[in-house]
Amino acid sequence: MPLLHRKPFVRQKPPADLRPDEEVFYCKVTNEIFRHYDDFFERTILCNSLVWSCAVTGRPGLTYQEALESEKKARQNLQSFPEPLIIPVLYLTSLTHRSRLHEICDDIFAYVKDRYFVEETVEVIRNNGARLQCRILEVLPPSHQNGFANGHVNSVDGETIIISDSDDSETQSCSFQNGKKKDAIDPLLFKYKVQPTKKELHESAIVKATQISRRKHLFSRDKLKLFLKQHCEPQDGVIKIKASSLSTYKIAEQDFSYFFPDDPPTFIFSPANRRRGRPPKRIHISQEDNVANKQTLASYRSKATKERDKLLKQEEMKSLAFEKAKLKREKADALEAKKKEKEDKEKKREELKKIVEEERLKKKEEKERLKVEREKEREKLREEKRKYVEYLKQWSKPREDMECDDLKELPEPTPVKTRLPPEIFGDALMVLEFLNAFGELFDLQDEFPDGVTLEVLEEALVGNDSEGPLCELLFFFLTAIFQAIAEEEEEVAKEQLTDADTKDLTEALDEDADPTKSALSAVASLAAAWPQLHQGCSLKSLDLDSCTLSEILRLHILASGADVTSANAKYRYQKRGGFDATDDACMELRLSNPSLVKKLSSTSVYDLTPGEKMKILHALCGKLLTLVSTRDFIEDYVDILRQAKQEFRELKAEQHRKEREEAAARIRKRKEEKLKEQEQKMKEKQEKLKEDEQRNSTADISIGEEEREDFDTSIESKDTEQKELDQDMVTEDEDDPGSHKRGRRGKRGQNGFKEFTRQEQINCVTREPLTADEEEALKQEHQRKEKELLEKIQSAIACTNIFPLGRDRMYRRYWIFPSIPGLFIEEDYSGLTEDMLLPRPSSFQNNVQSQDPQVSTKTGEPLMSESTSNIDQGPRDHSVQLPKPVHKPNRWCFYSSCEQLDQLIEALNSRGHRESALKETLLQEKSRICAQLARFSEEKFHFSDKPQPDSKPTYSRGRSSNAYDPSQMCAEKQLELRLRDFLLDIEDRIYQGTLGAIKVTDRHIWRSALESGRYELLSEENKENGIIKTVNEDVEEMEIDEQTKVIVKDRLLGIKTETPSTVSTNASTPQSVSSVVHYLAMALFQIEQGIERRFLKAPLDASDSGRSYKTVLDRWRESLLSSASLSQVFLHLSTLDRSVIWSKSILNARCKICRKKGDAENMVLCDGCDRGHHTYCVRPKLKTVPEGDWFCPECRPKQRSRRLSSRQRPSLESDEDVEDSMGGEDDEVDGDEEEGQSEEEEYEVEQDEDDSQEEEEVSLPKRGRPQVRLPVKTRGKLSSSFSSRGQQQEPGRYPSRSQQSTPKTTVSSKTGRSLRKINSAPPTETKSLRIASRSTRHSHGPLQADVFVELLSPRRKRRGRKSANNTPENSPNFPNFRVIATKSSEQSRSVNIASKLSLQESESKRRCRKRQSPEPSPVTLGRRSSGRQGGVHELSAFEQLVVELVRHDDSWPFLKLVSKIQVPDYYDIIKKPIALNIIREKVNKCEYKLASEFIDDIELMFSNCFEYNPRNTSEAKAGTRLQAFFHIQAQKLGLHVTPSNVDQVSTPPAAKKSRI
């Protein structure tokens, strides 16, 4: 181990508490570790300093590394030292007496170099000059030397062998030494007996000393000195062998003659350092002489005699004289020696001066050199440290995530596995988020009261039920779009500019300059015109239900972009952000997916794949997002978001300010405590001064008082400064919120917040410190406000823009959604390449490691650099191949627990660009995400692979239990069964109403074939007025279907080169489907052919006379026969249904005189005008039903010239229609009601003068569209729903969209009336419904005939036309249900039996029922029924009444609830506010169980008006007029309105939440 400052160096041991994973600094040179860099740095500097010396050679001025190397070399040299020489050399060393090691080394080397010892290996030069390596066996002395023979040592006196170092007999020693020197044997005289070391040479030989030599460098002066340093040490100034070496080699027991046959040498004696400068030998001799003299004198004294004393004195005198002479000689010699010695000393001194000067210069140079080296070392360390700091700085910089070398493995998320295909799960979430954000704007709760969940959306996309949630979703989208477009058209009409201005604006927008946009708009306009040409109304006016939905959706997609015209250019530019045709999402769908639109023309939307359904929903969402109302909605929420963020920032700033104030208050309190302590000390000092003053004189007292005054003033000044400081802080606190409040004045919703913070600021300054409970309450209040603002911000973000939380290293997006809980991961590889997903090494790290390899070992972990320029440039220089894109499907995953979230946050890298931002966001939103994960259900998003019994969500809408299960058959089959039912139903109503008959040989066979699905039995030819007309004729284009391409020019070319082929189908339709569609379309065509022309009205009211142009009816027929899907046939059926004048049916006959439908047995029909007349109402009365033709007084032949023309007839007919649509089912009234009826007749006579067209519009079965302008959500809703036989309708369930249900036929045993009085769905059509459902017919096997019943009043009877020969003219009736037609004798018997059972009871109770006042019967009002009552939909009586009230000119005060902002005291006076929109919503939701509840709400509305508004105000006057109108309309419906109804009103439900 090297010596530090010539002392042993001890290494620093590792700390005892060192952890295995702790990062330390390692010093390689000393093999030590340090926790702190400063200690490591000091040890490195120390190791590089020249303060070390070699422990073996003793060489000083070395670094630690140099000392180690010196020790290593020295030990290697010692290993090569000849072993046979070790003991002889140590023995010889014990004979020396020297104070310096090099002197001993010179003596021993001079003696040993020419002598060779036993067992030593030497080289022998043979006679031929060759060198032979041999081992010495024996040393032979010269032959003349006595005492030695043959190398054996004789026994000699020990004094001659061992040199004694004692001073007992110096004279003998000196003489002996002198003798030995003289007798020393020349070493060249010795001979040596040697033996070769090679095995083949075994003979020994005797050689001379001149023939022997040692190998070169085997024994040298340096090796000997190095060896002696290891075994010697100074003792009392003399170099002696170490005791350990003496004991190890047993030197005291050795005999020199064993090694060499000669006397031991006598070496020169060198005095110890402590006696240097004195002649020790002379002193030693004089002392011996004195001893001898003393002994001589003592002997002489013992023999003293006088004589001998005298002789002795003489001899003494001689000896003294001789001594004096001797002393003189010695003195002379001494003087000469001293002189010589002085000269020698002078020479030595000069030499020493030179040596010292040289040493001084050397040391100075060495010092300068060491200084320069140390400076270089320091500079080197500083540079290393600077590089290290720069390295850390570069390593800590953010970088590309895949360049980080310390990436941890992310926790594996669970893949989403639902019923939906993985590729459309993201789009499903988009639709769900859209409905969640904008559902309130478009009244989503009308279609989905419980909201849309992921399970409902899955069922809509995966299922094929035509009555399922997909139908509801599409109905919601289409009605919302139609309503919004209608509202925008009204606004455009109001704000329309002149033609010139519009033209200028169009040119400015440069819309017409693009031929592609113009062509697309033209094609869309053609598609938009198709419904008007072939169905007689616009697309928005078509009947929208589950059956026609597919075709109307297709037509809407084709017509997208048609509303982009030059007339609304300004409106689009100002309100819709410059919207043009290419911005329409449906047009983009038509251009990008022409096959989907083509498939929709022949396939039902319910049978599309989930991906195709999702594309349609995606396009409809995009369409809604471009609307003005949606844009305004988003802008409102942007303002709300901005305001909420501002309030949140102010709340945070307020919290920070309070924290600063509290900290300042604590500091102020500490300062006050210090001042109090100082005051206390000053008081104590003053007390001491007072005591001193009492002892001292008066002068001293005055001085003490002055000092005390000085102290008092200093304290007072400090107090005043403190008070001023406090006042300044108070004024700042008071000024700050005031100025802040002034800066934000006028911001609504923030005044309360500002007042609250200002009050808190004042309280903080003025009141005492808050207690712990108050502080906790204040903290909770702040947390509550913060939570409310965060929720407000999140809800606003959901309605404006949803961003992902961030992305990780693999570019995966992380999402949280307001609509569904959980943390979702989207793996979207679009736009990525394979090299982007692989780890990338950094060139910076490589460069730094190559320049300084020690840096990496000093850091605790591998470092990473930022630069990637070299890597990026490398492939460009050496490779032309481009990176490959990633082809992986889009995949969604999720984390389901907070533990996985914590693992994710821990694994994200804080140095990556993407992951650092994601980690920060996750930490901020952790509480919100954990709250969502607590509500997360993993089973919904990851189905197990095991088959589940039935995981589909139950989406029942009130279907009958015995109806067919739609999940067991495709939607096409469902629609086919439904269409057959509708065709049979409309044919039966036309036939029973004597409006016509199908032109076939046997009607029963035709119906049986249609009902059983044997379409081949239907006629393949169509007869029109007896002329055979083939099915395929020249037809017009119904479907605008172009073969589009991706490029716009190709799209345009495809549009221009298209040739119209058929009306509505394409060649790719499967033959099986097309045959069914063809047969059913042909059946509908036959039904239309059988209707008499005079019973058709617009749009299919064209006559059969020859015309030069095609009418709507002609185009309708052509389109029908070219239908490619069942939905298209349904659409044509709807148009036909609303074109039939159902009021002319005998099923709806009403007495022209008394305007009542009752007593059908005593009613006859006029053969001229087809109006009904009671036999007892005609003047004169008819006692019997006349035979043959009968004409009313106005139509008698003699007055035929006075009959109204066909153009005027609808005015009278429509008068009946108004009553049909407004009237109830029961006309039983007492005398008071008959008086009211006469007033009603007078009112209707006045109304007869109005335009007939307007009244016809009310009776059209088009769900009130477009003539009755309702909100879109009421379209297609029937007023009542019926319970099927054997099943009670569940409350809260919605009736089936196309279910055919019937009223119960149970007859009350007490009253003989039906248990439930049913309002007919459309009053203009028959009230007959099928009793047996389709599934019942199929399950019973044999084909059964249908039994029809009609909902009638007890006195309603009529006679049948003579053409209806299969119906008994006087068939008995149920009290409320009458059999219309039967098909077999079995049915006739069963119906007749049932009729006879109730005939007597009905007849006996008829009169008493007539005298009784009608009680309101409970009715079941459906919100909207998708089932067709005869194939059409109409408003219920209540809905129509509400619509009439809304359309009235005096309804303006009652349309909506009074605004509390505009009229603050209204709700203080009116406790039960209500308006027409509330009543209409309750009607739509079927909340009215009794008619009296409906009347009570209406009367409550009027009473509120009269209670708040004085009678002379315009609101009260409007209320009076509207109330009178309501009473008249209610009496028409048979509703008994009395003022007492107002008192019976129950508390109305809460008003509908207003739309933003």
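Note that Cβ sites are derived from N, Cα and C of the backbone, with glycine treated the same way.
Of the candidates Ser865, Ser961, Ser1280, Swiss-Prot records phosphoserine for Ser961; the remaining residues carry no such annotation there, which does not rule it out for them.
Looking at 485-535, 893-943, 1097-1147, 1148-1198, the stretch flagged in Swiss-Prot as zinc finger turns out to be 1148-1198. Residues Ser1019, Ser1320, Ser1328 are shown; Swiss-Prot lists phosphoserine for one of them, Ser1320. In Swiss-Prot, the feature phosphoserine is assigned, of Ser155, Ser869, Ser1385, Ser1402, to Ser1402; the remaining candidates carry no such note in the record.
Here the Cβ of Ser270 (phosphoserine) has 18 other Cβ atoms within 10 Å, regardless of which shown protein chain they belong to.
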